[in-house]
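Participant: Sharing a structure here in structure tokens format.
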Amino acid sequence: MVALYKIEVAGKSLPSLTNLDKGRYGVIVFENLDKYLHMDKWNRELLDKYCREYSVGVIGFVSPSEETLVAAQLRGFPLFVHTNLRLRDASLNPVSPVLRLTRAGETAWGALPGDDWAVFQHNHSTYEPIEWAQRNSQDYPSDSGGQVHLPLTTVLQDHGQLDGIKRILFGSNLHFWLHRLLFLDALSYLSHGQLSLSLERMVLVDIDDIFVGEKGTRLRPDDVRALIATQKIIASMVPGFRFNLGFSGKYHHHGTHEENLGDDFLLQNVHEFTWFSHMWKHQQPHLYDNITLLMSEMQLNHAFAEDHNIPTDSGYSISPHHSGVYPAHEILYEAWQKIWNIKVTSTEEYPHLRPARLRRGFIHRNIMVLPRQTCGLFTHTMYIDRYPGGRDKLDESIQGGELFQTIVYNPINIFMTHMSNYGSDRLALYTFQSVIKFLQCWTNLKLASAPPIQLAEMYFRLHPDEVDPVWGNPCDDPRHRKIWSKSKNCDSLPKFLVIGPQKTGTTALYTFLSMHSSIASNVPSPDSFEEIQFFNGKNYYRGLDWYMDFFPMDTNMSSIRYMFEKSATYFDGEMVPKRAHALLPHAKIVTILISPAKRAYSWYQHQRAHSDAIANNYSFYQVITAADTAPKALRDLRNRCLNPGKYAQYLERWLSYYTAQQLHIIDGEQLRLNPVDVMNDLQRFLKIQPAFDYSNHLRYDVKKGFYCQIVNEKRNKCLGKSKGRQYPPMDERSAKLLQRFATIIISNTNDKYGSICMQKHFAVRTTHFISLDVSLSSLSLSSSLQALMSTCGINR
């Protein structure tokens, strides 16, 4: 899909229309046609020139107005408009070249929504109607001679014969369902197919709880016969269609005598349908903390399936109430794979139930999770007279409304229904048969169905960007809290993150923070010690449960009020700010900055001290001057050495998710030289209560050359042997190179990055530091940070 940019011109200069001699926009859309017609001469000429040179079309909507126009000429066009009309009975021009997704079917009988319609009157061959409507007969009754009024043009195509610009004009907004289809076709036509939806649509209908239901609400043999008969009708319109039945075996034969016969008749016709496992007793998996118990319940349902010849190889399952799918309950995924070999599931809850148009998919533990849609039918929806809004409301959803639009906009649709929707008034059978017929009447969509695994593979081919999950905070959504294990608590999640970068003093800061009785960090990781490194690597795919295991809540931690995590590689991780904000949107972010050149040199020496083979084979100068044609291992070392020092680039990324008031920047040199004042500032920023008096707990250690924790009058507790290690001075050639490199980077990126608070008037010296400073620069790091904090208000 090509991105669609929405532009609104309100008397100001146009945005940049081109980029490197290429047009940026495929279609120009004006929600208010008046803004297009009354643009100032300079902007209009510029826009018209762009549209002609790049063959870009214009879409415009006549907006409602208190003033009623009668045969008013549109400015600059041989075209007239009548406004504030009430219309009825819309129909389409079957020979219009614009129609692609939309099919010129029957007339959409009845009053059209609203009383502010505009219609177009034209007398030039450049114009061709796309949609017509009739005057509302109540407002304009036929005269005594029985005269029939001519149809009025409500959507008009301009072929561009007058000025070389193609346009499509709408006489009303998108409240009318047919206009939503025509808008999609207008985008496709005017963009020469670049902004087009595929005409392929896949439909799967799940029937959850096929044996679950109170007596009197379950399926009888006649209902099963109707289910099979309607399935055949739908399959004639949707190739491959079969209802997908989800079963909880515990509730088989729990109805009346006739309903139990219905259960038996379903199982006699087991091969008419596809099947998937629910849970044995319809339990919610998030209520299980023991995987053995969860697997034993699943095994009961598996045994029931084998006893009744229900297929067990679909690779698909649905969790009751979507429990454990998202937020992910890890033992559910593990049990699914062990008992059922599940490869696909679906949920309404990712990332949230509403808005439905924003539901997405993801893959976790090799299980593909698809977005699931609703059709307006729920467990209690059994009788038409009890349907919210009645029959008219259901038909509205079918005939151009929510259900119809859901299929139009989603290439792959998995609908959730319930057993009770297929008994009683059999609303589900009516709903799906009707909406499919309506789609065939008004669209050229090609409907089909396929098994869930095939649908999932298709979905992630269409949406490869959704493969990686983004874990949100379950406590921010009341629905998610209800389907999240009670043994988990959001209070244990970190309230602030120390994000690095590496070799700036993060370990010292971690140690100083841990001295406070009200502050605690995660339990150590067996792989990376005090760092979890969750948001920036493979650990993220282990899931939220794995992360929260590092923050246990127990009685020994009752005094802890401020949890934090320190992972120094977070600072420059590409996906880290987005992932961190999704889970911890209210967290504070703490970073430490020192001279980028000094940081790079320290990191290089650290690698050598830890026996990095590449670092030991090359001098620092060879590393920082490595060309793009150098061996990959050397190029990687160069990038890991230099890239984290491009502070502006990474701070800008963090500030696109977190506010400036959530970010605290520590001067790394001041942390080394005067940690007491730095820690006091940090406590004020974090609003730590009660404050900790570091002056009584930190002391300068002459042998180490830095501050350490006081144990007693004669003894200090300092960081390990590797901390504070003295390295040989940086060679002069490297220092000069980095200083020149900094100057180039600053001049090239100053306009791009500006300052981290995006103020062009920001002090030049501060901007230079944030872009890339060097240790030999005369710039004072501390003063730059003070200016930065003062200007951006970061520490307030």
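Cβ from N, Cα, C; glycine included.
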Participant: Do you know which of Cys718, Cys757 TrEMBL records in a disulfide with Cys708?
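Facilitator: Checking TrEMBL, the candidate bonded to Cys708 through a disulfide is Cys718.
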Participant: Pick the one among the binding-site residues Ser602, Gln726 whose Cβ has the fewest other Cβ atoms within 10 Å in this structure.
Facilitator: Gln726
Participant: Select the closest residue to Cys718 (disulfide bond) from the following recorded positions, measuring between CA atoms: Lys503, Ser602, Tyr707, Gln726, Tyr727.
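Facilitator: For Cys718 (disulfide bond), the closest Cα among Lys503, Ser602, Tyr707, Gln726, Tyr727 is found at Tyr707.
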Participant: Could you measure between Cys708 (disulfide bond) and Gln726 (3'-phosphoadenylyl sulfate binding site) for me? Cα positions, answer in whole angstrom.
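Facilitator: For Cys708 (disulfide bond) versus Gln726 (3'-phosphoadenylyl sulfate binding site), the Cα atoms are 17 Å apart.
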Participant: List the Cα distance (Å, whole number) between Lys503 (active site, for sulfotransferase activity) and Tyr707 (3'-phosphoadenylyl sulfate binding site).
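Facilitator: Given the Cα positions, Lys503 (active site, for sulfotransferase activity) is 17 Å from Tyr707 (3'-phosphoadenylyl sulfate binding site).
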Participant: Among all the protein chains here, how many other CB atoms are within 10 A of the CB of Tyr727 (3'-phosphoadenylyl sulfate binding site)?
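Facilitator: Taking all protein chains shown, Tyr727 (3'-phosphoadenylyl sulfate binding site) has 13 Cβ neighbours within 10 Å.
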Participant: Which residues does Tyr707 (3'-phosphoadenylyl sulfate binding site) neighbour through Cβ under 8 Å, counting only same-chain ones at least six apart?
Facilitator: Ala508, Arg672, Pro675, Leu698, Arg699, Tyr700, Asp701
Participant: Just how many other Cβ atoms lie inside 10 Å of the Cβ on Cys718 (disulfide bond)?
Facilitator: 20
Participant: I'd like the number of other C-beta atoms within 10 A of the C-beta of Cys708 (disulfide bond), please.
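Facilitator: The answer is 22 other Cβ atoms.
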